[in-house]
Structure formats: C-alpha cells, structure tokens
Amino acid sequence: MEEDNIVDSKEIENNVEDKKEETPSSSPSPSSSLQQQQEEGGVVKQAVSNLVSSSITLHDDAKLIQVTGKDEPFHFISVPMSVEFLNLEDVFIMQSDAYIFVWCSEQANIKKKAKAVQMAQKLKVEIGCQRAVQVLEIGEEHPTFLFCLGVPKGTKLNVTKEKNDIFQVDEDDEEQVLEPEFFLFKIFTGTDGKPSIKPMEEDEGINQEMLESSACFILDCEHEMYIWLGKGVKKSTKDTLIPVAKKIWTQYDRPEYYGKLKLQPIITWVFDGAESCLFKSKFSKWVEKAQPLQTSYLSLSSKKKEALNFDVSSMHQDKEVPVINIGAASDYSNGKLLVWCSGGGSGNKWNKVEEDDFGIFYSNKSYVCHFIYKPENKNSIRSVIFFWEGLYSNQRNYIGYKFGLYKEIQKKMEGLKSDDPVEYRISQNKEPQEFINLFGTELLVLNEELALKPMIFQVRANRGTQLFPDPDSCNAKLLNSLDSFVFLFPNKYIIVWHGKVSTEHQRELAADLFTFLPPEYEAGVKEFDQGKESDNFWKIIGGNSNDIVINTFINENKEEKEKEEEEKEEEEEEEEEEEEEEEEEKDNNKTTTIIKHLRPKKIKLFLCTDNSGIFKADQINPFSQVDLNSQECVLLDVYHKVFLWKGSKSTDQKLNDTQDLAKQYIETANDQRPSDCSVELVEQYNESPLFKSYFHSWKVTPPKVFIDPIISYKQKLAERLQKEKEDLEKLKQQQEQEQEQQQKENNKIVEEVKEEVKEEDVKEEVKEEEVKEEEVKEEEVKEVAKEETKEEIKEEVNDEATEVKEVNQVEEEVKEEEVKEEVKVEVKEEEVKGEAKEEEVKEEEVKEEEVKEEVKEVKEEVKEEVKQDKEEEVNEEIKEETKEEETKEDDNKEDEKVNEENETVNEENEVGIIVSPPSEKVDEANSSSTISSPENEGSVSVKDKRKSNEPITPSVVSSSGDLLFAYEPYHGPPIHSSNSPKQGRKGGRKSHGKNQPQHKKNHSVDQSPLSSPIIPNKSLNLDIDNQSFDLNSINNNNSVEVLDGASSPLSFSSSSINSNSTHNTPSKKNKNKNKKKHNRSSSLTHA
C-alpha cells in the first residue's frame, strides 16, 4: 500500500508536502515463474497474487484456490498461480475481480465440484464480480484462465499430475497422507506490556465460540495464516501481530514447495463481523450473527391497513437535498486538496493523483478526496473526506481505505492538532454540489484508460460521462432530447450534438469537453442541434432522426389570437403592412396551435418498501441506477408519465401495492400535469430506451438466465467448427497468394541475376587487362632496382677509407629501397587482391618470392667480398700489433700488478660471455656495428682502437669477422628475459632510419637474453684460433670503469673466458613437469 503523508501545520495555507511510505504486501506472482513474495509489511493483502495485465482485461489480485480432500469437509487452500500445482483429482477456483473460473477434470468427485461452485458463488458476491461463475473442463479453458497461469498463447493446457502432492506424508507410513490441521493462537498484551501467545486447544477442533471481540487471534492453517482482529483490540496489540505471525510460521514444518520456491507466508487480515468465506470454511460450523429485526411487531393484516393510511400527499412535497457545510470560504482558495485513487482490487494500494488530473475520474476505481482548510474567522484546522465510488469499482476498496489510508490521514490530522476528518461516502452520478466545487464547475468520468479510438460522452448538468455502449448499438439510439452528446474521433473531428431542451451550461461543457483530454485528442469541433443534422452527421453516427429518444413532453394549448390595430405615425410603411395582416386575421377568424417541447419540471424517484412495517414510498434525491433494488418496486415520475419499475426478485404483493400507490399519486397531483398521464410498467432487464434515458450513463447489466450446458456445448462446438472452416479457407487463400508472390519474386530474381552476370563478365575483362599492365610495370621496376643495387654495391666496395661505414649505408639504402618496393608491391597487391581472382594472387606471390631470393643472393655475394677484404686487413693488423707488444713489455708488467690487485675485487663477480646466435636476415646490418663504452658514445671501430693502443672490448662476432663480446653481471642462475630476440630485432630495425644519426651501439647486448643458451658460431671459432689478444689488458682497463660507472651494463671479472660455455636453462618440458608435480602435491595436501 502506498500511503501519502500529509502536511506540516506551518504550510497549510500555502502548499502541503506529501511524503510516501511503502508497505509491501506478501503475495506471490500469478505467472509461471513464481516470483518471490515480499517479506516486510504492516498490512498484508488479502489476495495471493499481484496485478495481472492481460490483452483481454485486467485481473486484480488473481489467485488460485485448490479444493482438495477425500471426504467432506473439503479444504480450500490458496496455492501459487502455476500449472505445476494443477492435478486431475482436485477442483480449482481462479478468482479475480473480472472473472471467476472453476476448473476440474472428469476424475474429480461430484461433491467436490458442487462445493467448489458453491464457494465460487460466495466469492463472487464477496468481491463484487460482475460476471457469472464459469465452469471449465480440460480442453475448454478460457483464454484468460490460461493467461493467468502463464500458458503461452496458442498452446493447450497439459496436466499430467493425477493426485495432490501438497500435503505432508506420514513419517511412519509413507503411503498415508496427512491432511492439514488448524491451530488457533490468542494474542494479548501481558502485564509487562509485551505480547503473549496462548494456544487454544480443544478435542473437537476449533470453533467460532473461541473468538473473542476483545482479543486478536492467529489461525495457522499450515499452508496459510489468518489474523482475526476483534472490535475492542488495542492499537498496541495490532502493531505486533505481523512479527508474531511470522515467528509462528518459522517454528513449525511447512509444505515442501514453500522451501523449493522460497515463498513467503500468506497472511490475510480478517475483521470481526466482516469475515471472508474462506476464513469461515476453516471452522467446522460457522453461525451468522443474528441481524436486527427489520419488520414491525404488527401483523400482515395491520400492514395493509397502515399502508392505506399512508399519506400520499407527502410524495408531492420536494425532498430537500442535505447540504454539506464545509465551513470554508466560498472559493475554496484557502485550503489544500489531496486526492488518491485505488490501485488494486483489494483497496490496500492507493496512488496519489496529480493536480493536473483533478476532476477526472474512472468509473472502475474509487477515489479519496481529502480537503484541508481553515474555517472563516478561526485559527483551527479542519478537514473533510469524500469517498467517491465508480459504477464499476470494487466494494472492498472502502474496507481497505478504512483500515489503511484513513488511519494514516487520522494520524497526520492529530499531529496538526485537528479533529478527525468528517467523511462523506458518495457514488457516481450522485455527487453533491459541494464535492463538485472542489474541482471547479465540471467533472469528467471515464470508463477505461485513454486510447486513440472513438469515444462517446454524455453531458448532463455539470458532469460529462463516457458511455460504455454495446458495439452493435452505437448509433442514434443513444441520443435523447434532455442531454448533449460528444462524439470524439482523435486527430479527425469532434461532433457535438445538443438535444432540444438541453441547457446552456450543458452546451458549453460539451463544446469544451475535449480540453480535459491530452492535446492529441484535439480536432475541429462541429456542433449540431436536434432537428438540424446534416446527411454527413447520420453517415458518421448511424441511424436517423426517428431513433432519437424524445424524453420531453409536448404542451398543446389552442388559443384564438386577436391582435389590436395600432397606428404608428413615425413609420408609415410598417403600419400599412401590419394593418393588412390584422384585417386578414379578423376576416378569417384563424385559430393557431402552438406545439412546444418542454423539459420535465421535476423528475422524482420513489423507492417503495415495507421494511419499516408500513408500505410507503421514500423519495431518493439525487437518484441513479444504483438505487434500483431488485427486491423492491420503484416509481419514476417524469411529470407527463409515471414508470413503475419491478425488480426481478420483487413479489406480486409489492407490485399490486405499488400500482395502487401510483394511481393515488396521479389523482392527488395538483401540478397541472397532462390529463393523459398514465402508469407504465417496466420490468428489470427489459427496460425501454425512454426509461433508461432519464438515468445518467445507464450501465448495461445482462440478466441472469440459466443456460443448459449441453446446449451451450453444442453451440460452442458448432461455432468452433465454423471457425475452423473459415480458417482453412483463409489459409488456402493465403497459400495461393503466397505462391503467386513467390513466382513473381523468383522471376524478378532470375532477371536480376542475368543482368549481374553480364556486368561481372565485363568487369572481369577490364580487371584482366589492368592486371596485365600492372605485371609489366612491376617487372620493369624490379629490373631497374636490381641494376641500381649492383652498381651502388660495386662503387661502395672500391672505397677503402670508408669501407665499414659505406657498407652500412649501402645496406641501409638497399633496405629502404626494398621497403619502399615492398610497400609499393603490397599496395598494388592489395588493389589486385580486391579485384583479381584467387589464382592470379597466387602467381603474384610466387613471383615476389623469386625477386626476394635474387636480392638475397646479391646481398650474400657483397657480404662475402667484404668479409674476405676484412680478413686480410685484420691479419696484417695483428702482425703489426705483435711487434708493438714486444716493445711495450715494460708497460704490461705494470698492468699485471694492477690486475693482481683487481683479482681480489672481481672474485665475487663472474662474467658470462654471450655469443649471439647466427643472426637472421633482418639483423645483419645491426650485427656489424660495434659496442660503445659507457664513457665514449661515439662510434669507434676496432681498427682505430688497436692503433691507439687502447684495450679492445670484444662483444660478439659480426659478419665481417670482428669479435664483439657482451658482458653482463652474473646474478646466479640464468633467468629468462621478458623480451624475445625477435622483439629486439624489430626495435633495432626501426632505430636505423635513412635520415637518423648512425650511433654504433652494441644491439646484441639488449637482443640476447641471459637465459638463452649460447650457441657457438663457426666463424667465431675460426677467428679465435687465428687471433691473439691479452685478456689482462682488457680486465685492467675495463674493470675499474665498471666499478666507477654503476650505471654501465658491462662488468668484468678475472675468471677465464670460455667461448663454448653455456647456461643450462630449464626447458618447457621440465617446467610442465614441475607444474604437474606441484598440482598433485597441492591436491594431496588439500586432501
């Protein structure tokens, strides 16, 4: 239930702040998914399920009741709304505000079926359902019944469960089923102020006498619970009932499906004197409380005598309408109006209405209008509540309001130091003027939610009401001479029709009625008066002028009119014309008859009853269709005629007495009514259109007639067969149409394919020519490239001074040109690939590979020539160095001393020689560069170092034969680096652009990870055998530099250098083995 807090006392004069509090109810969803119920809540809904919206209608609080048990008394248990709970043994009742179904199979017991129908009839009266109870069998389910159960549209209901399985099984004997037992607990407040529980036990079970009006009781039915509130229960006790009920629910065993579906307990409120029929069925015997005697102590004979003594003349006196004195200002500007509308069938949910929607009501809902005001010349705060009920609203809304929203309003008014609000309960079409003044001057009543479809409104007095006519009878028969009618066609036109005796206020309201609706309903307005309709009007509305209900009376007065002659001096011409007309009238002695339609002076309704022991007629003012009691007779006086309406359950004696009373009423009338005034008999369900026209927005209620089920079954079967035939014919027609359409489409597709094939052939020929031209151009470009590379290489080899630099530059230029060629080839390949076929692409790839192999061969020839030249130069340089070393023996001795001192320092550091593996094609240019020391970042060749008598730092063996050593600090076992050799090569390739400076750094240091195994190169072994160098000089010069420069990546030690030494790193297989052993050991430890 949504409850709206009202106001603070400081803001009454200006605005009222509303605060909403939510109190969820415990109710499972009716769909097959069985949503979880809400747990918390101070007020629990009486129904088991939430709102179910259907394309057919709205079903509020739909719930499923299972009628089960072997023998009488049968059990009525509320179960979740799902197909899973249906079985062939029991009978099920589906209850909603719109429908009540009784579903059963052929296996169900006859007594059980009868009890289920009897309970369904009681539920229908209790909830105010308008439709009759429908008994369904397997295979004949109503679409709404299937929808509420969650059965998909178009599928049939399939129930295979034969027996009931919601009852618990006896632990000792599993074949024996335990039927549910009922336990009654008395809840009262103890001396300590805390709630106390007292079980009510009797050998014969629970009975009605256990319930006391001064206490509260909780009835535990194993599958559901009821809270019974006595009339004299204190407020403090009520607040503790829900927690106590939940505690009792958790202490005892419940059916298994509650645990599987995680459902919350079904708790229902029951009030003393207003017990539901399901609650009464839990008791072995329930006796209705005796109603007060409504008959007098007089005998029937005395009734007749006193009936004759009834003063009929009192019926001619007008009954005053009771005036509601609100006490506020006449303009209602100093107050605050709050409006709520019912949001559910049980009346526990109330939704706030926005101010823009004030004055618009729905006939299927109830409204609570709370007006807070300050009386004139007073400082106190007062309030009044109008409870408005629509014609199609649920009567239980008022009960839910009294025990829910009214309590909240009462609390807020107490906080404002105000008395309880004065309450008025009014029904549709019987609104007092004070109620209408709260919303202005007019009201609008709708029967259904707004939709862009034609609507008809009847305007009478200051109310506009949407009609709910039969679709087949929507024509001029709805019109009458007393009222105005509005035919609204959204986005097209609005037709307003006025009766002959409709008032000016009605005409204004009818013309402006569309202003109450959203802007999309606006259209051009065309007004018509009765008797002045056009042909287009009858085409749109239907019918003709003879179908209009003439509910006026005609006053015919024959008078001889003699006009006196009057001479006018100022206007001679007018005087002559008037004299001629007067002379003609005198000569002919003409008599004129004036016929005029008049509105009935007063329309009165009298209810004729003998409840007080005296047969009399009580006037009802204002009156509506609701006042027509089927057990009584009613007199309707329309001045020129008196209707006698007989209820379907009224007796013949009441009819005779009412007829006598009607005759006396006409005879004693002194209001100059027509002399031919008579009494017309009207029976319930057979009312004439003239009788209905005097009631505002007549509600169509079909009579309750017994229908033979066999006849109805035959009619349904015939209708079903007829529908099947029609469906088959429609299917055949559709199939024929589809086949024709498919043939047309196929012909179109064939023509389109032919055109596409022709276009593709032309495109392929063009593509082939373009491909051939591109191939010729590529061959020419490749030949030119080959010649240029050969010439450039020969020129670079001849230069002796800059051999190494020029070779590098040539290789870089060759690479750049290759890259450019590759880019061009790739661009052309992409264009050719997108256009040419797969076979042509393969041929181009083969040709590209041949070109690359030729370029590789040229490179290898150039490299071999360069290697041979360098080897000769190195041999000559080595010879010269041996001579220089002999002259410098003295210097070497000093160096040896320094080495001995450094050996002690370098014992802890070990140097690993990393010999790079045979470099790939991409690394050939990088391997030829030498490593620069940390101090000297410029590019210095090996030859220059030897000439300058500086120690040489070998890193690795390049392709030219130089030794290039990479020294890395030794930190224990080798560890795999995160960078792979391929990544280093890609980075080194990018660093040598054409326009970038050539810094000769040793890329092999970064490229070769320490953890990778060292593979000795054949060229390295040959060069080491042919060369000789002093390791001590290397250690003496470089070890100090490494110690000084902490940031240098090179470190040295006195350990011997072994070119063939390798680091054994764990292989992938060993890693996998280790991981598997770890997993097993871990699993064992866990086990």
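Each residue, glycine too, has its Cβ placed from N, Cα and C.
Under the heading compositional bias 'Basic and acidic residues', Swiss-Prot lists 7-23 (among others).
What Swiss-Prot lists as repeat 'Gelsolin-like 1' is 73-146.
In the predicted structure, the repeat 'Gelsolin-like 2' (183-286) carries a mean pLDDT of 83. Taken from Swiss-Prot, the feature repeat 'Gelsolin-like 2' applies to 183-286.
If you look up Swiss-Prot, you'll see 335-442 marked as repeat 'Gelsolin-like 3'. With DSSP states grouped into helix (H, G, I), strand (E, B) and coil, the repeat 'Gelsolin-like 3' (335-442) comes out at 26 helix, 35 strand, 47 coil.
According to Swiss-Prot, the feature repeat 'Gelsolin-like 4' maps to 465-538.
Sequence annotations record features per position, and here Swiss-Prot assigns coiled coil to 550-598 (among others) based on sequence analysis.
Sequence annotations record features per position, and here Swiss-Prot assigns repeat 'Gelsolin-like 5' to 614-692.
Here Swiss-Prot flags 710-912 (among others) as coiled coil.
When the compositional bias 'Basic and acidic residues' (732-770) is classified with DSSP, helix, strand and coil residues number 39 helix, 0 strand, 0 coil. According to Swiss-Prot, the compositional bias 'Basic and acidic residues' annotation covers 732-770 (among others).
Annotation comment: Swiss-Prot describes 779-808 (among others) as compositional bias 'Basic and acidic residues'.
The compositional bias 'Basic and acidic residues' feature in Swiss-Prot is assigned to 817-840 (among others). In the compositional bias 'Basic and acidic residues' (817-840), the DSSP tally of helix, strand and coil residues is 22 helix, 0 strand, 2 coil.
Residues or ranges marked as compositional bias 'Basic and acidic residues' by Swiss-Prot: 849-900 (among others).
What Swiss-Prot lists as compositional bias 'Polar residues' is 925-939 (among others).
Marked as compositional bias 'Polar residues' by Swiss-Prot: 950-961 (among others).
What Swiss-Prot lists as compositional bias 'Basic residues' is 983-1002 (among others).
The compositional bias 'Polar residues' annotation in Swiss-Prot covers 1018-1040 (among others).
With DSSP states grouped into helix (H, G, I), strand (E, B) and coil, the compositional bias 'Basic and acidic residues' (849-900) comes out at 51 helix, 0 strand, 1 coil. When Cβ-Cβ distances under 8 Å to the repeat 'Gelsolin-like 4' (465-538) are tallied for each of 73-146, 183-286, 335-442, 614-692, the top count falls to 335-442.
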